[in-house]
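What TrEMBL records for Arg54, Thr55, Arg104, His132, Gln135, Leu265, Pro266 is carbamoyl phosphate binding site. Positions annotated as L-aspartate binding site by TrEMBL: Lys83, Arg165, Arg226. Taken from TrEMBL, the feature domain 'Aspartate/ornithine carbamoyltransferase carbamoyl-P binding' applies to 5-144. Per TrEMBL, domain 'Aspartate/ornithine carbamoyltransferase Asp/Orn-binding' is recorded for 151-300.
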Amino acid sequence: MWRGRDVITMRDFGRSELEELFETAKYMEKYAKSRVDFLKGKIMAVAFFEPSTRTRLSFETAMRRLGGDVIGFWGAEGTSVEKGETLADTIRMLDAYSNIIVIRHKLEGAAKLAAEVAESPVINGGDGAFNHPTQAMLDLYTIWREFGHIDGLNIGLMGDLRYARTINSLLEALANFDVRTFLISPEYLRPRAETLDYVKSRGLKLSFHTNVEEVIHELDVLYVVRVQRERFLDPLEYERVKGSYRVTLEILKKAKKHLAILHPLPRVDEIDHRLDNTPHAKYFRQAALGVPLRMALIYLILS
Ligand code: CP
């Protein structure tokens with residue numbers, strides 16, 4: 001199901017593929033701090049034109065834990081992109097030097113273009129405000145590991161739901177499961193209409209809310225995203241909304257005991273740091289699971 005596939009958008013992957021990925025990731029957890037030679041002799045190229053801590057480092061760690069090697073760059077500095085080389089030509093070179101390519105780019109559609117140019121599989125590590133499919137896979141994997149299932153859960157998504165690419169991909173991923181989704185944001189930061197139309201057509205149950213306190217008692221999972229300064233054209237608008245959606249100890253008094261708080265990170269101030277030591281805080285475990293999840297992904301595609 002996975003062999004040789006590009007990973008560009010969540011829409012290309014269904015429930016059975018995700019379940020195979022989760023089972024493989026669980027198997028990989030025991031190797032996430034050691035080294036095996038499942039992919040000895042394979043090379044992964046990383047082309048990160050935008051900043052990243054978790055995605056890039058967990059992909060690199062995953063490939064090295066599997067016995068493979070990594071080449072690539074962060075930012076275009078030092079590459080021939082600075083001399084005006086096109087994205088397509090840069091990808092052609094990475095394709096020639098490696099077995100699999102991971103790309104992050106500020107432009108929506110960059111990963112799709114790379115997949116069209118490259119013969120090797122291409123994985124989208126985030127493009128513009130549109131897609132971050134491996135983050136959505138990781139988000140669902142974390143929920144699956146926490147609860148043992150995804151069906152039947154009440155899942156709140158809170159913050160800037162319009163410009164966060166993780167939200168777009170997560171909604172598309174959730175459409176494979178029988179969950180209730182609570183969208184908590186200012187009205188103008190609701191997810192884009194095209195995404196909402198798609199997930200509604202897949203039968204995802206959605207409701208819209210402007211205040212987390214209205215629904216916190218119903219939630220099993222609260223997935224929080226930051227308000228992204230870089231996505232706003234007007235800095236005053238950013239200043240106006242940035243503090244509106246913040247999880248505090250006070251709000252959690254009404255939450256279920258087992259509420260799991262997830263965040264793709266990095267966070268700014270949308271989660272009170274005092275939450276870090278509560279059983280609700282699952283965001284660091286989520287980031288750590290990025291290694292076995294991405295080990296499973298690379299392994300299934302290349303093995
Ligand atoms: N979650 C995520 O994509 O983090 P990075 O931007 O650090 O990769």
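Here the Cβ of each residue, glycine as well, is placed from N, Cα and C on the backbone.
Overlay of TrEMBL feature records on the structure.
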| residue | record | DSSP class |
| --- | --- | --- |
| Arg54 | carbamoyl phosphate binding site | helix |
| Lys83 | L-aspartate binding site | helix |
| Arg104 | carbamoyl phosphate binding site | strand |
| His132 | carbamoyl phosphate binding site | coil |
| Arg165 | L-aspartate binding site | helix |
| Arg226 | L-aspartate binding site | coil |
| Leu265 | carbamoyl phosphate binding site | coil |
Cα-Cα distance linking Arg165 (L-aspartate binding site) and Arg104 (carbamoyl phosphate binding site), given in Å to the nearest integer: 12
The domain 'Aspartate/ornithine carbamoyltransferase carbamoyl-P binding' (5-144) - residue tally per DSSP class, helix then strand then coil: 67 helix, 26 strand, 47 coil
Pairwise CA distance, Arg165 (L-aspartate binding site) versus Gln135 (carbamoyl phosphate binding site), rounded so that it is a whole Å: 9
Alpha-carbon spacing, His132 (carbamoyl phosphate binding site) to Arg226 (L-aspartate binding site), which is rounded to whole Å: 15
Of Arg54, Lys83, Arg104, Gln135, Arg165, Arg226, binding-site residues neighbouring ligand 1, Cβ under 6 A: Arg54, Gln135
Neighbours of Arg54, Thr55, Arg104, His132, Gln135, Leu265, Pro266 excl. site residues, C-beta within 8 Å of centre, carbamoyl phosphate: Ser52, Thr53, Gly125, Gly126, Thr166, Pro264
Local confidence of the prediction over the domain 'Aspartate/ornithine carbamoyltransferase carbamoyl-P binding' (5-144), expressed as mean pLDDT: 96
Span of Lys83, Arg165, Arg226 around L-aspartate - largest C-alpha separation, Å: 35
Cα-Cα distance linking Arg226 (L-aspartate binding site) and Pro266 (carbamoyl phosphate binding site), given in Å to the nearest integer: 8
Among Arg54, Lys83, Arg104, Arg226, which are binding-site residues, the residue with the most C-beta atoms within 10 angstroms of its C-beta: Arg104
Site extent for carbamoyl phosphate, whole Å (max Cα pair distance, Arg54, Thr55, Arg104, His132, Gln135, Leu265, Pro266): 16
